[in-house]
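A.B. asks: As annotated in TrEMBL:
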DOMAIN    61-109  domain 'Bypass-of-forespore C N-terminal'
DOMAIN    112-184  domain 'Bypass of forespore C C-terminal'
Amino acid sequence: MKRWALIAGLTIGVAVLSWSLIDQTPPKTFQDNTPQRVIQGKEKQTESVETLVKPEPLKLTVILKEHYIDGVTETTKKEETIWSMMDFWASYEGCTVEEQQLDRVVFQREVEDISPLTKQTGYFGLTEDGELAVFQGLPDQGKVIESFKPVPIKPLETKRENELKQGIKIKDHRHFEQVVRQFSKQEEI
């Protein structure tokens, strides 16, 4: 039995070897691999088409309007050089486009905080009409921040009324909302 397996193995080996010797075709070269169809070059167009798209980089005037909860709107204007529109739009994520022109974009954003101006110089006080308002500086100087709508207040104890007449310094966002809720007649501002 071993003899027959040896003879069969040798026969198969000789057959494979002789088959590879019979196929004597030379290896293919680059010229043998020619494309099946020839593509003709197109003529160059000498006429140019005018387009509204400017070549890169694009320069835009960007105006950002930030609306704070105290009613102040800060507007910043800057010139930006844009290399990637994808990066540009990503940098203004969370903003809405108010206006867009070829060389100018106006964004607006609602900021859940008080403005830097109010953080520095903001005081709560009473207007001449007895309404709660935000003042730039102490209330006796009378500089009401015009963008903040005065709020009608509840009847006050004398102590609280005196505090407001002297002015309550606005510390931060939470303090601002707390004072408005505390003194306001309305449930929600």
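From the backbone N, Cα and C atoms, a Cβ is placed for every residue, glycine too.
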A.B. asks: Using DSSP, what is the helix/strand/coil residue split across the domain 'Bypass-of-forespore C N-terminal' (61-109)?
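C.D. replies: Taking the domain 'Bypass-of-forespore C N-terminal' (61-109) as a whole: 7 helix, 29 strand, 13 coil.
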A.B. asks: If you average the pLDDT over the domain 'Bypass-of-forespore C N-terminal' (61-109), what number do you get?
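C.D. replies: Computed over the domain 'Bypass-of-forespore C N-terminal' (61-109), the mean pLDDT is 93 on the 0 to 100 scale.
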